[in-house]
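Colleague: Okay, here's the structure, questions in a sec.
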Amino acid sequence: MSLGTTDIASETGDDSLSAITFESDIESKTKRKSFHKPPSTSPKSPYYSKPRKVTSWRSLKTAGSMPLSSRMSLTPQKLWLGSSKQGSVAQPPSPTLTSEHAWTHPPSCTPDYLTEAVRAKRADLRRSGSHGHVSGTSVYREKEDMYDEIIELKKSLHMQKSDVDLMRTKLRRLEEENSRKDRQIEQLLDPSRGPDFVRTLAEKKPDTGWVITGLKQRIFRLEQQCKEKDNTINKLQTDMKTTNLEEMRIAMETYYEEIHRLQTLLASSEATGKKPMVEKKLGVKRQKKMSSALLNLTRSVQELTEENQSLKEDLDRMLSNSPTISKIKGYGDWSKPRLLRRIAELEKKVSSSESPKQSTSELVNPNPLVRSPSNISVQKQPKGDQSPEDLPKVAPCEEQEHLQGTVKSLREELGALQEQLLEKDLEMKQLLQSKIDLEKELETAREGEKGRQEQEQALREEVEALTKKCQELEEAKREEKNSFVAVTHEAHPELHAPSPCSRHSEPDSDNSAGEEGSSQPPAPCSEERREAAIRTLQAQWKAHRRKKREAALDEAATVLQAAFRGHLARSKLVRSKVPDSRSPSLPGLLSPLNQSSPAPRVLSPISPAEENPTQEEAVIVIQSILRGYLAQARFIASCCREIAASSQRETVSLTPSGSASPPSLRASPGVIRKELCASEELRETSASEPAPSVPYSAQGGHGDCPSSSSLEAVPSMKDAMCEERSSSPRSAGPSLAEPSPPELQPLSPPPVEDICSDDSDDIIFSPFLPRKKSPSPF
């Protein structure tokens, strides 16, 4: 299609150019026809004499000397015309030749009047020659003129042939374009092609003419389709099978009335010849009355049927919506006589209640046009033979009043039943809503109970696991302490010169070396110093063990105290949210502390009604406290192992050097160690002294702490446990003194408070004591 469009564009361009040239050719052609005439038949042939070609060659010569621009615009025909046809009647073909007229006519010496006379003569001769040769008159023409005319005719013939060729080419192009356009029109009119093809053609064509033609074709097709649809609709409307039953009924009624009217007219027209005019008038009046009565009756019947239909619909709706449908449903199974009897009974009841109304209604004359079901059959009978006296007997008023009364009673019953139904529906909706609310509350209560049970179970399992871990850690701690005591007990007899005091013993060793050269010290002095050093070591070791145990017990008591405070705060919070819950009992909580396990198992007697963030926060606080305590216990155990291993290495490394030292040098470190250990004991007691009470805000982060009366049992329990634990090092004191000499057995170790040291700058190695745990940020 793109090639076709380019071809069409090129062809349209060529046609435009050819059309311009064609118009110019037509203009020149018409101009040539105005002065080119067929040659006159002369008796003398112009070919007997030789023509003179001076002027023609002169004109050609002058044309050759012309510039190129003017030469392109001149044709040989114009040159010949300008050179030889100076006396012709025709004017120059274009205004451009006026400028050429000056050089195509060379100047001559003949006067103007002679040239004008010659021109007039030649014009007369040509006019006479054009009308035909007249016998007896001779036409004289010069050979030069005849020759010029022949040349002009040949030139014109040649141009005509070129014009014919050009027209043939144009004709061929136009035929091709017409055939192509015919094909495109056939494609556009093809119904198998969709509108997309037309759109593509319109888009590819540069001009809007194709779009307009395509849209016109589309409009034409749409109009044809609309006409077809209208024809089908008209056929369906006129078809008998598609008409409405109500319309058919109305049409039949009108047809029946028209037939009846025509019958009456026919009967009246037949009886006109026999009856007088008075009877005719009476018959016409009676016919009018009958027709009006018939119309009124048909209208009344139609209204009654509509009312009956609406009442039936209301009754069906009432029966379907009423709750007492089980009672009324039996009427549907009754037979027609039974229903009629029931209606008669109801009518009697209504008539008994409305007896005064009936007496007044009987006095009134019945209307002949009363609406009653018995009038339905009247319209189907011919009314020609009926008289106006028979009409009042058609519809009794009594039956109509009975029916109206029954209808009123039924409507009242319907209203009452509908009100009852609405009340019952409202009650049922309220009951259903309350049932749904109760079910939701029950479901939430069940879910809360289930979650509470699961939480209690998880807390119990976690508490059991934590107590087991605490027991295991306490046992491991005891074993490590026992092993450390055994190692130190084995290492005491060999500790003659401890390494931490080596720098203090250096000057003593120098002094002793100086004294050794002069005189030897007495033996009893060295033995006394050794005994004093042994007693100092025993006292320091016992004090260290007692402090270590007290620090561990204080730490455990602090942790338990914080846990109990968190538990009491949590129970207080739960008690404030659940008023009917029982208050926690502190003796029940503290009873497991009297057992042997260091970390008692505390079970919460109060189960919260529902999970809340404060309860979870309290549980997290207790868990963090217990985990911190376990981590501290592990760290203390690892430190004890390292201290035991380092003490064993020191005793092994110091045993040979200590045995080689003299007695005087062995006794001096004992005194120094006694003083240094006393200062270390004072520092450790000040550092490891536990706080009497840890605020609950530091442990759990809550502001409401339990009262002091509820926590009195915790310090007392702590003191009792400390006394039980402190009794073990007192009993272990003599066992540590067993490796000492027998004369030192009755000596009792001095109290820690009596040992004092003025030298606080000296540093000795002492076993590691656990730091006091800082208050937990939880």
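The backbone N, Cα and C atoms fix where each Cβ goes, and this holds for glycine too.
From a predicted model like this one, the values you see are computed outputs, not experimental measurements.
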Colleague: Of Ser322, Ser591, Ser607, Ser668, which one does Swiss-Prot label phosphoserine?
Modeller: Ser322
Colleague: Of the residues Ser45, Ser583, Ser661, Ser774, which is given the phosphoserine tag by Swiss-Prot?
Modeller: Ser661
Colleague: Scan 173-212, 573-612 against Swiss-Prot and say which stretch is down as region 'Disordered'.
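Modeller: The listed stretch tagged region 'Disordered' in Swiss-Prot is 573-612.
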Colleague: Between 0 and 100, where does the mean pLDDT of the coiled coil (398-486) sit?
Modeller: 89
Colleague: Taking helix as H, G and I and strand as E and B in DSSP, count the residues of the domain 'IQ 1' (553-582) in helix, strand and coil.
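Modeller: Per-class counts: 25 helix, 0 strand, 5 coil.
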